[in-house]
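Engineer: Once you've had a glance at the structure underneath, I'll fire off some questions.
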Amino acid sequence: MHTAIQVENLSRVFNRRGTAPFHALRGVSFDVSYGEIFGLLGPNGAGKTTTIKIMSTLLLPTSGRVTVAGFDVEKDYTHVRPLISLISGGETSGYGILTVEEQLWMFSQFYGMETHVARARIEEYLKVVSMWDSRRQQMNRLSTGMRQKVNLVRGLVTDPKVLFLDEPTLGVDVEASVIIRNIVRDWVREKPERSVILTTHYMAEADELCSRVAIINHGLILANAAPSQLKQDLDSRAHYEITVDRLDGEQLDHITAFMGEGNDLVLGSDKVAKSPMLVAHLMHESDIARLITALAEQGVTLEYMRKLEPTLEDAFLKMVGKRFEDEEETSPVS
Amino acid sequence: MKKKLLLFLRTLNARAYVRIFGQMREATWVVASVLGGFFTMTTYIYLYRTLGTGSEFSGLVVLGGFMTPFFLNVLWGVATQLYWEKEMGNLELMLVSPAPLSAFLVGLSVGGAMHTMLRSLAVLFFGIAVFKVQFTLLHLPLALLVFFVTLFSMYGLGIVFSSLFLYHGRDAWRTADLVMEPTNVLSGSYFPARYLGLGLLGIAALIPTTLGLDALRQLLVPSFTVKVLDWRWELLILIGLGLVFAFIASWALRSVEYKARRDARLTLRWQ
């Protein structure tokens, strides 16, 4: 069994009084393998959180089927729950009057852990997130970043097979975000039977962590592939930015003719160095060698050159038609 | 089976811990609740003394003052708790865990009862010390039995309400508010429940505090004569009520969890 999660034709409709039914998911299918960090990307209201809620047994599907570690989340949810953990961004769960250590112990007990085992793991993970010294601090005195680190530890202490991370670095500073990402990556690598489902607003985070991402919008999966594949599918051409000492229109025409059809060259200027800057969109990666030769033949000296890589955000933008920042829709599942 | 029982007990213990030790850190709240209970009791004692009633009335008021915090705890600390847990974001985590909802509720009932016991004992102590109220200790073991059966029954009712309040969301607050005062009156916290009359007593008997208090007064206040029923019958009725509430609670929790998962009421806040 290599599939940690299998989602088949999943649909969810929310019926609200006085309004038309809201179709949050419309036949979503994907699977997640053990050892994988799988990302779900999409704007608000796209269906990410609804999918996570169904996978984590908090919500029933209207139709379709989801299995976690081979167990049906609808019928066998009592078998699913011991195997999973859920961590949401901006989470203020637990009780502010408890200390960090007490809070983590309390949650471990909800999984039936023996106290000495729980305490050992709490110590181990609190040290990993550099919070061992804050173990006796009350939860209501922690910063957002510290609280989110505690939430992460809470999710890991019970040693789940599947970890659901719903916007885990939301509102967290850069340093804490890096720590959280590193821990998640190391945690999955540590044991092959572990897997993570991640939803995030941060494309760089998904790009860095996920072996595959599914882009979801209006309850439909638009793409499901490795981030590198999604970026590659966006545009197969190679793009370069080349700053040179001099380049006029006549020289550019000669070079364009030399490079042939399909290769586009745009002349601009480097805003910092104020030198001419050539942006080249080449049919093949290898055409860069010909371009450099052509520039040299025109007596042009290269000052600086860099390859332009498409980002996951570009792929997202192309598929969804808007950036995360442009969102206005809201989901009924918050 | 053993694994399930251990999970239940560990969850119960952890949830009770928050109630017992966590809330001890809110010292001002503990002091305020003790003083509140004491002043209410004082008002009724002075009222009865002004009216020239017998000394047994002071005893029944002190017992009422002793039991009232438990009732308030059941209402605000158990019945509405699942709703608050949802608002705080804990309910999702409780449900995602393998522990049954009943273990959380029994845990917070046990923790709540133990925490409330300290406040109630403080009210009882002040009542005895300040107003020189006398109780007979001849039937103390029986009184303790009645007391614990009353708690069992009261908290059972609280768990039944908690599942209803969870499903009905924000109405829980208003419902608890609505239920509080009439229940206080019907349970005869500060007067003998028999004065309610037969009609109202029929309803009041469904509130465990009513018969529990009446039985305690019979066993601890020597000159108390205006009883509802003999304490033995009251004890039997309380045991019956407790078992019925436990059965309904167990069914209601499963049923409400299923319906809440179906209707997305576990994940929607402010609903």
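Placement of Cβ uses the backbone N, Cα and C atoms for every residue, glycine included.
Got these off TrEMBL a minute ago, pasting:
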DOMAIN    B:28-256  domain 'ABC transmembrane type-2'
TRANSMEM  B:26-48  transmembrane segment
TRANSMEM  B:60-83  transmembrane segment
TRANSMEM  B:95-114  transmembrane segment
TRANSMEM  B:121-138  transmembrane segment
TRANSMEM  B:144-167  transmembrane segment
TRANSMEM  B:195-213  transmembrane segment
TRANSMEM  B:233-253  transmembrane segment
Engineer: Determine which recorded stretch among B:60-83, B:95-114, B:121-138, B:144-167, B:195-213 has the most C-beta pairs below 8 angstroms with the transmembrane segment (B:233-253).
Structural biologist: B:144-167
Engineer: Under 8 Å between C-beta atoms and at least six residues away from its ends: which parts of the chain pack against the transmembrane segment (B:121-138)?
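Structural biologist: Residues 34, 37-38, 41-42, 45, 55, 58-59, 61-62, 65-66, 69, 220-222.
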Engineer: Going through B:26-48, B:60-83, B:195-213 one by one, which has the most CB pairs that fall under 8 Å from the transmembrane segment (B:144-167)?
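Structural biologist: Per the Cβ count, the answer is B:60-83.
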